[in-house]
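> Dropping the structure in here first, questions after.
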Amino acid sequence: MDMIGAQLVNGLSYGMMLFVITCGLALVFGILGVLNLAHGSLYMIGAYVTYSITVNSAQNFWMALIIAPIVVAILAFIIEMTLLRATYHLGHLSQVLLTFGLAYIFHDIAAIIWGSNVLSVALPPSLAGTTVLFDQSFPTYRLVVIGIGFLLAAGLWYVQEKTRWGAIIRAGLSDKEMISALGVNIKLVFTVVFVIGGFLAGLGGVIAAPVLGLYPIMEFQTLILALVVLVIGGLGSISGTFTAAILIGLVETFSKYLVPELSLFFVYGLMAVVLVVKPNGLLGKKVAA
Amino acid sequence: MKKGIVLTAAVALLMGLAPFFLSLFHLNLFTEILILGIFSLSLNVLVGYTGMVSLGHAAFFGVGAYAAGIAAKEMSPNLLATLPIALIATIMVAAVIGMFCMKVSGFYFLMLTLAFSQMIYSFIHQSTDLTGGSNGLSGIPAPVAGGIDFSNPVLLFYFILGVFFSVYAGLSLLVHSPFGQVLVGIRENETRMRSMGYNTTRYKYASFIIAGALGGLAGSLYTSFNGFISPIDVYWTMSGSVLIMVIIGGAGTMAGPVLGAALIVILETIVSSYTHSWMMIIGIIFIIFVVFFPKGLTGIAQSIMHRMTRSKSGYKENHSKAVLKKNA
């Protein structure tokens, strides 16, 4: 029973990390129509910046929580302005290939700056301990991650459903031509959404760094999992991404615990089944590919 | 057309004579280019001709490579055994994966192929008893066939060259056949092909299996050539590399993917002796091609040819034709 509780918390917090990382990807894919294969690289940069900030003092983790996402957001801004804005006429597939090339470039830039050793990020003392809940102790940080995930989900839901910006984004998801005809500066929307996507990727990097660690092909592994979450959840719905992230988090954690040899097999198998049964994802709307 | 045949014959002759003027190192490099050339030709059937962008083609390479490797170790290193086993294994895997992938298109196809290739990767990575796990499969005996020992790199080169030409010729015939034209039609406008009465799903399925089988063939040749195979060759970065080869070379042409494979292998050999940042270089080159030369190397070659012929005689001809039209 104890193990199940611990695994449940592990799975939930893992799912929340996946949610933070994936919602940026989902937002960008939904609005820009570009499947950003460099999203994992932005996440990686966020994690490495966190490492650089906290390497001398674990207490700086709080600072990293603000600085790293902003650094990544600035990077995303530069990418959008220089590379994507100039290439919208090439079509979505070409842009996907572009971001794939970017992922290769970032991989080596990270290796040049931070080397290719396995690194880890230490937590500040206030987060590193354990918390007793229902007569059972859990790592505090895992609980904090779960809290952050729920907060972010609630915040995103509020922005998307209740604000003008959210309305523009929802409109952009269903009909891009129409909202630009209604006088919305669609180029500005693209840039803002891409920067938000970068910010969320960076935030995901900070949050996941102390748990998952840093190693050379981390961005590709995370990207793949984020794609799986994206597909299972379906496009254009925060709730879909949220559900799928928790599902994948739990499935991977429990299958790792029960049948370690086949854990990834389960995750990809789940994605294949969902794609075949419900090609638009669990809660997705119909979006032309 | 006659020019093309002469050119092909000249290239074939030059390739056949390669062992006489290339060092062993360069001959091995050439062999690798031929193997990866077959691999990228196989992906081109999907990406270039049928218009389905797959990011999971390494799965078939891996299945072919591991099937050939395990068959050579456990049964016999005879190519007459390993090649058919590898082919049958990949065709079976492609048939199963294809059944699922035919249900989706576009980005979803890309992601589903990716998911399946990662499933195969994690299977290979984790079933240590069969595949050696993350250490890879080593100690694969050198291939033999009909009393010929292919541990000699020159003999192996000729064998792989032979396979390469058969694949190249076979695919050239295929893409110009009515079947290939239907595939091109699907690439251009699938709805229209369907309304014309073609069962496009069946054509796409066939194309998927052909691509998978040839990918497996490339994988099994790679095992025979290398004597070693590791899970890295099945990882999705391998799928990415071969997609890069196809796009840089020129998707939807016969020569393109081979040129792309040659460019990437040669560049990698040159660049990696100077710097470790090989992925950055290939990323930059890839971006340049996607933005400025979306038709790849063959597209560049065509536009140069076009410009040359136009500056010689083409302009006058066109001009006189235009005048004729006006008078008529």
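Using the three backbone atoms N, Cα and C, a Cβ is placed for every residue, glycine included.
If you look up TrEMBL, you'll see B:29-47, B:78-100, B:107-124, B:156-184, B:205-222, B:242-266, B:278-297 marked as transmembrane segment.
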> Using a Cβ-Cβ cut-off of under 8 Å, list the residues of the same chain that are 6+ residues beyond the ends of the transmembrane segment (B:78-100) and lie near it.
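Tertiary neighbours of the transmembrane segment (B:78-100) are 56, 59-60, 63-65, 67-68, 71-72, 112-113, 116, 120, 143-146, 150, 159, 205, 208-209, 211-213, 215-217, 219-220, 223-224.
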> Which one, B:29-47, B:107-124, B:156-184, B:205-222, B:278-297, has the most C-beta pairs under 8 Å toward the transmembrane segment (B:242-266)?
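Between the stretches B:29-47, B:107-124, B:156-184, B:205-222, B:278-297, B:29-47 has the largest tally.
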> For the transmembrane segment (B:156-184), what are the same-chain contacts with Cβ under 8 Å, counting residues 6+ beyond its ends?
12, 15-16, 18-19, 27, 30-31, 34-35, 37-38, 41-42, 45, 49-50, 79, 143, 145, 150, 193, 198, 200, 203-204, 206-207, 210, 214, 217, 221, 224-225, 252, 254, 258
> At a C-beta cut-off of under 8 Å, are there same-chain residues at least 6 beyond the transmembrane segment (B:29-47) that contact it? List them, or none.
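For the transmembrane segment (B:29-47), the nonlocal Cβ contacts are 15, 18, 22, 53-54, 57, 60-61, 153, 156-157, 160-161, 163-164, 167-168, 171, 174-175, 183, 207-208, 210-215, 217-219, 221-222, 225, 242-243, 245-247, 249, 251-254, 256-258, 260-262, 264-266, 269.
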